[in-house]
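Okay, so here's the structure we're looking at.
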Amino acid sequence: MSNYEAAIQRFREWLDEAHETEGIVDATAMNLATATADGRPSARTVLLKQFDEAGFVFYSNGRSRKGRQLAANPRAALTFHWEPLQRQVMIEGAVQPVSDAESDAYFASRPRLSQIGAWASQQSEVLESRAAFDAQVEAIEARFEGQPVTRPPHWGGYRLRPDMLEFWQGREGRLHDRERAYRAESGDWDWVLLNP
């Protein structure tokens, strides 16, 4: 097993344990940090929808702040923090859109109201009023009445292909364990221990 495969396996084990741990509401919740082309950062919580050795997948409106930032600067960082387990995983890497087929399949699996919302929301833009938004939702519902809601062209998935995964395990006295798997300049993956 390569260091990269071992890192993905470690993440899988930790995520499985987080799913089973009382006090963790959603183990797939992750902080997504992006930045503008000139380096101004922003962060928000999104949900991990899939992961494997190809990368970590999340979905969003491409016109949103994060979508615009990823178009201008296609690198990002993810952080999972599972407090009851005293664990954190940080992942950094390049981001690219998933295929239309992947986006279509995931969109089709979403609840209908979430599908309607993907059309109705001009995510991250100024909203005139809640009433105006509710009217837009009603208009989209009428547009798709009696038929499946298709995926908006501006909505889809993103896959972060890791260059680095860091595993943090809290310990008493702040004497934490930190391990980092990363892609070296050679292209091979190394695994190192870090000071707390």
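One-based numbering along the chain as shown.
Including glycine, each Cβ sits where the backbone N, Cα and C put it.
Nobody curates TrEMBL annotations by hand; they come from automatic prediction.
If you look up TrEMBL, you'll see 24-142 marked as domain 'Pyridoxamine 5'-phosphate oxidase N-terminal'. What TrEMBL lists as FMN binding site is 44-49, 59-60, 65-66, Gln88, 123-124, Trp168, Arg178. Per TrEMBL, the feature substrate binding site maps to Lys49, Tyr106, Arg110, Ser114, Arg174, Leu175, His176. Annotated domain 'Pyridoxine 5'-phosphate oxidase dimerisation C-terminal' per TrEMBL: 155-196, in sequence order.
Overlay of TrEMBL annotations on the structure.
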residue : record                 : contacts (Cβ under 8 Å, 6+ apart)
Leu48   : FMN binding site       : Thr28, Ala29, Met30, Phe56, Val57, Phe58, Leu78, Phe80
Lys49   : substrate binding site : Thr28, Val57, Phe58, Tyr59, Tyr106, Gly157
Arg65   : FMN binding site       : Ser42, Gln123, Ser124
Gln88   : FMN binding site       : Thr79, Phe80, His81, Trp82, Phe167, Trp168
Arg110  : substrate binding site : Ala118
Ser114  : substrate binding site : none
Leu175  : substrate binding site : Pro196
His176  : substrate binding site : Trp168, Gln169, Gly170, Pro196
Residue pair Arg44 (FMN binding site), Arg174 (substrate binding site) - Cα distance, angstrom, rounded:
27
Sorry to bug you, but what's the C-alpha spacing from Arg174 (substrate binding site) to Val46 (FMN binding site), rounded to the closest Å?
28
Using DSSP, would you call Tyr59 (FMN binding site) helix, strand or coil?
strand
Among the binding-site residues listed here, Arg44, Arg174, Arg178, whose Cβ has the fewest other Cβ atoms inside 10 Å?
Arg174
State the count of C-beta atoms found within 10 angstroms of the C-beta of Val46 (FMN binding site), not counting that atom itself.
17
What is the average pLDDT across the domain 'Pyridoxamine 5'-phosphate oxidase N-terminal' (24-142)?
96
